[in-house]
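K.L.:
Pasting a structure here, questions to come.
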Amino acid sequence: MHHTKAVRGVSPVAGLDRRNLPAAHVWTQSVSAVAPSAAMATTPVLVLGAAGDAAVWSVVVAAVLALLVADCVGQFARRMAAPGSLYSFTARGLGAVPGLLCAAALLVGYAFLAMAALVGCAAYGRSASVRAGWPVLPERLVVGLLVTAAAVVIAGCLVRGVRVSSRVALAFEAVSIMSVSCVLAGVPGGGAAQGNDGGVAAGTALALTAFIGFESAAALGAETRRPFRVVPAVMRGTVLGVAGLYVFATIALTRGGGPAWNRDGFAAYGFSGAWPSALLDAGLASSFFACALASGTALVRLLFCLGREAVGPRRLGAAHPRHRTPHVAVLAAMPVVAGVPCLLLAAGLSAWEVFGAVTGLFTFGHMTAYLLVCLAAPVFLRRIGELTLRPVLAAAVAVPGLAVAAVTYAQSSAPGADPRMPGIFGLLAVAGLALLAGPAVLRPARVRAVGSYDETTAADVLGAAPGRRLGA
């Protein structure tokens, strides 16, 4: 049967800089959100402690699971470009209510990921300055001031546009990867790593957290040139690339005896003297800054999408007339992202206690969103008549794998892993769902707008005029 669809006069995401972003900026977004340098120096330590001799295999299994998630997300990204990313994809596959639940989970995921990155940037920045011989000032005061300053800089970059923010993120991440790789490559041998031999499952749950953020490239789909080819390739390539870095880091730390993590940071990796440790801390601070910038980019586009659909406040859907960015969403989000960690610091928590708390929340937020979008992929493909065996198998493995990883993570010794954390996340997600679903229930017309994505307009089609119809 031949279907026709009227070409829109205006795209649902009008106001953004549509279809103009080079692929390099999308790569920077995805890689920076993962924060590979920070993950290289932190996650393998935790995986070694949980899995012992199975640490490398744990990283490999986590990479396979992340690739399966990337494949499920890619099924949507090859067919639509949506600033709402996983939220819009889930809504198209499972419907409005599961989609809004995914939106609530993603809001928690990206907001608390940005908070964790800001705190990590500030804490490691302070640590680097202390190791380099600068005066020692009260931790909570310095971290709070650095969190605030970093948030202001990030807000400015986000308002100016993706091109500016991605250049800044790329510079920070490049410095970070070089410094961390140099330090890890020089780890002196120290015998076999000591671990608890908790097995591959325990290590995989921890290693999977190091891949969180790769999907954020999808949030830039509407602004990307050739998004249906670029975005899926970026997500898959990011997972493969950082997996190689994590395997390298895990092997290096295994050779070095597996330094231990504590609330004050990570051990000096077997070196004497302050400068190697200061270099490592500076690299980690740079990586966390780039991560905060990238996660903020995805967060404000999700808010923009919710505002444009009138599921959230309509003002969030406004775009800057000059920079073509969701500037209102930036101004709404960044004070919260900076304010929550500062309030926790003011309440007496240390920087690492704050880091641990927000890490647990963003982990469960992302795992929930991943699980929902993996469920949605085969349903969506069946609905449009393009279902094949591959996405069915990917979802069949990824969904239970993510569920097991979430349960295992809650019972682990990782920062933020606490049996109470799933309950706290659940309360936040339910509250978010209620706030988002309320307007949609009261006004059914808004339900039809849930899950919007960029669509071809008359101006995009040579010689087209409003009302012209094209075969779909």
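A Cβ is built for glycine as well, from the same backbone N, Cα and C atoms used for every other residue.
Those TrEMBL annotations? Automatic predictions, nothing curated.
As annotated in TrEMBL:
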- 54-73: transmembrane segment (TRANSMEM)
- 94-120: transmembrane segment (TRANSMEM)
- 140-159: transmembrane segment (TRANSMEM)
- 168-187: transmembrane segment (TRANSMEM)
- 199-221: transmembrane segment (TRANSMEM)
- 233-253: transmembrane segment (TRANSMEM)
- 284-307: transmembrane segment (TRANSMEM)
- 328-349: transmembrane segment (TRANSMEM)
- 355-380: transmembrane segment (TRANSMEM)
- 392-411: transmembrane segment (TRANSMEM)
- 423-442: transmembrane segment (TRANSMEM)
K.L.:
Any residues 6+ beyond the ends of the transmembrane segment (233-253) with a Cβ under 8 Å from its own?
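P.N.:
Same-chain contacts beyond the ends: 23, 26-27, 29-31, 34, 36, 39-41, 43-45, 47-48, 55-56, 59-60, 63, 66-67, 70-71, 73-74, 77, 177, 181, 184-185, 187, 193, 207, 210-211, 214-215, 217-218, 259, 269.
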K.L.:
Under 8 angstroms, Cβ to Cβ: which one of 54-73, 94-120, 199-221, 328-349 has the largest number of such pairs with the transmembrane segment (355-380)?
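P.N.:
Comparing 54-73, 94-120, 199-221, 328-349: 94-120 has the most Cβ pairs near the transmembrane segment (355-380).
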K.L.:
Taking the transmembrane segment (284-307) as reference, which of 94-120, 328-349, 423-442 has the most Cβ pairs under 8 angstroms?
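P.N.:
If we count Cβ pairs closer than 8 Å to the transmembrane segment (284-307), 94-120 scores highest.
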K.L.:
Does the transmembrane segment (199-221) make contact with the transmembrane segment (423-442) through 3 or more Cβ pairs under 8 Å, each pair 6 or more apart in sequence?
P.N.:
no
K.L.:
Under an 8 Å Cβ to Cβ limit, what residues of the same chain, 6 or more beyond the ends of the transmembrane segment (54-73), are close to it?
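P.N.:
Those are 44, 47-48, 86, 89, 193, 195, 197, 199-200, 202-204, 206-208, 210-211, 214-215, 218, 232, 235-236, 239-240, 243, 246-247, 250-251, 254, 370, 373-374, 376-377, 390-391, 394-395, 397-398, 401-402, 405, in sequence order.
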K.L.:
Residues of the same chain, at least six outside the transmembrane segment (328-349), with any C-beta under 8 angstroms of its C-beta?
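P.N.:
Sequence-remote neighbours of the transmembrane segment (328-349) are 111, 114-115, 118-119, 140, 143-144, 147-148, 150-152, 154-155, 158-159, 292, 296, 299-301, 303-304, 307, 315-318, 357-358.
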